[in-house]
Amino acid sequence: MNRQSWLLNLSLLKTHPAFRAVFLARFISIVSLGLLGVAVPVQIQMMTHSTWQVGLSVTLTGSAMFVGLMVGGVLADRYERKKVILLARGTCGIGFIGLCLNALLPEPSLLAIYLLGLWDGFFASLGVTALLAATPALVGRENLMQAGAITMLTVRLGSVISPMLGGVLLATGGVAWNYGLAAAGTFITLLPLLSLPALPPPPQPREHPLKSLLAAFRFLLSSPLIGGIALLGGLLTMASAVRVLYPALAINWHMSAAQIGLLYAAIPLGAAVGALTSGQLAHSVRPGLLMLVSTVGSFLAIGVFGLMPVWLLGVICLALFGWLSAISSLLQYTLLQTQTPEAMLGRINGLWTAQNVTGDAIGAALLGGLGAMMTPVASASVSGFGLVIVGLLLMLLLGELRRFRQPPPVPDGAPL
């Protein structure tokens, strides 16, 4: 492939065996978690007939993930990262086995589902931060943009396949099959991960875990560059919460059940296109400015989305949001990994991922509140245009990020 192509270069999977192992493990893991994501709400709904109970399980799991990201960040900067990844994956699989055994009981325990949800949410996120912190060592910092784009494609592809597979399993075998295959898939991921090289953390003084986490917070707040990236990431995740308005907007547009699915598919499709056409992003001399512009553009797409007279134009706006948000996210990921000191990669990655989780929850709550006071169309537009104003202000305030320059990559003669 031509080095100047806009298309994503997949050669990293050929030239870096360790990254190929991570790619395979991540894809299997995403499919496994997707099976779980379909089964848990369906089982709780069947047991309780309460959407509140379903929502409670999501909240508990999300809370455990937040804590896991914080703890995982500290562990990834303190202990051998490969061991943290393997421990987290294996422990997570044990929780899936517990869900499977519980589902096979004549009267499954609702409390067990909640407790195992806490268990799996914590340990799943524990491994995420260690894997993120280890990525620069696996591919080299010069290949982080390419690695991030390939990872994004993996996530999108797995997110499309797993719900469909999970639905088929539910219809044919029940939730126990979903849990059992999720457990099997999780343990299978250990095989490629065992081939990873040792990933020791950089040497640093021993300190209390809370003090270590506080040091990362201070670094995040004191660094205009890293702090600005994290802030943009949170706002972008808030904007993606517009999906809570899809059912109401579908009624306004008189959409059929099949057409509603296009709304949910539009953003992932746009993001996949963004990842596929990211071949030149690594050559950007001013990635900070490009990140700011793409983020504001994505907010504008959400603002215009709700104003569209027909649903097809709305789908196009969502796809545009997905494309622009993918560009911004890839730049965020790359700058965060390259500009963060090696000794803090675990904690900063944990904080960055945690604020994404928090941003989604805050965005959903705000849109839900707006929906109670105004029409769905107005809610989507107000949120989008409000974020545009915030984004424009940040373009003025985040001067260091806006002016940040990096030299273009030097060709290394690697096969393309």
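The backbone N, Cα and C atoms fix where each Cβ goes, and this holds for glycine too.
Listed in Swiss-Prot:
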TOPO_DOM  1-21  topological domain 'Cytoplasmic'
TOPO_DOM  43-55  topological domain 'Periplasmic'
TOPO_DOM  77-83  topological domain 'Cytoplasmic'
TOPO_DOM  105-109  topological domain 'Periplasmic'
TOPO_DOM  131-156  topological domain 'Cytoplasmic'
TOPO_DOM  200-218  topological domain 'Cytoplasmic'
TOPO_DOM  240-256  topological domain 'Periplasmic'
TOPO_DOM  278-287  topological domain 'Cytoplasmic'
TOPO_DOM  308-313  topological domain 'Periplasmic'
TOPO_DOM  337-356  topological domain 'Cytoplasmic'
TOPO_DOM  400-416  topological domain 'Cytoplasmic'
TRANSMEM  22-42  transmembrane segment
TRANSMEM  56-76  transmembrane segment
TRANSMEM  84-104  transmembrane segment
TRANSMEM  110-130  transmembrane segment
TRANSMEM  157-177  transmembrane segment
TRANSMEM  179-199  transmembrane segment
TRANSMEM  219-239  transmembrane segment
TRANSMEM  257-277  transmembrane segment
TRANSMEM  288-307  transmembrane segment
TRANSMEM  314-336  transmembrane segment
TRANSMEM  357-377  transmembrane segment
TRANSMEM  379-399  transmembrane segment
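Within its own chain, the transmembrane segment (219-239) is flanked in space by residues 288, 291-292, 295, 298-299, 302, 321, 325, 328-329, 332, 335-336, 339-340, 344, 348, 351-352, 355-360, 362-363, 366, 383-384, 387, 390-391, 394, 398-401, 404, which lie at least six positions past its ends and keep a Cβ under 8 Å from the stretch.
Within the model, the topological domain 'Cytoplasmic' (1-21) carries an average pLDDT of 80. Long-range contacts of the transmembrane segment (84-104) within the same chain: residues 25, 29, 32, 36, 39-40, 43, 72, 75-76, 112-113, 116, 119-120, 123-124, 126-127, 130-131, 134, 174-176, 179-180, 182-183, 186-187, 189-190, 193-194, 196, each at least 6 residues beyond the stretch ends and with a Cβ under 8 Å from a Cβ of the stretch. Panel annotation: around the topological domain 'Periplasmic' (308-313), residues 249-250, 253, 255, 259, 262-263 of the same chain, lying at least six beyond its termini, place a Cβ under 8 Å from a Cβ of the stretch. Residue counts for the topological domain 'Cytoplasmic' (278-287) under DSSP, split into helix (H, G, I), strand (E, B) and coil, are 4 helix, 0 strand, 6 coil. Highest Cβ pair count under 8 Å relative to the transmembrane segment (56-76), across stretches 22-42, 157-177, 257-277, 357-377, 379-399: 357-377.
Long-range contacts of the transmembrane segment (157-177) within its own chain (CB-CB distance under 8 A, at least 6 residues past either end) are made by residues 26-27, 30-35, 37-39, 42-43, 100, 103-104, 265, 268, 272. Nonlocal intrachain contacts for the topological domain 'Periplasmic' (105-109), taken as residues 6+ away from its ends with a CB within less than 8 angstroms of a stretch CB, comprise 43, 47. Residues 103, 108, 110, 113, 175 of the same chain sit 6 or more residues outside the topological domain 'Periplasmic' (43-55) yet have a Cβ under 8 Å from a Cβ within it. Here the topological domain 'Periplasmic' (240-256) has Cβ contacts under 8 Å with residues 263-264, 267, 302, 305-306, 310-311, 314, 318, 321, 325, 359-360, 362-364, 366-368, 371, 375-377, 379-380, 383-384 of the same chain, all six or more residues outside its ends.
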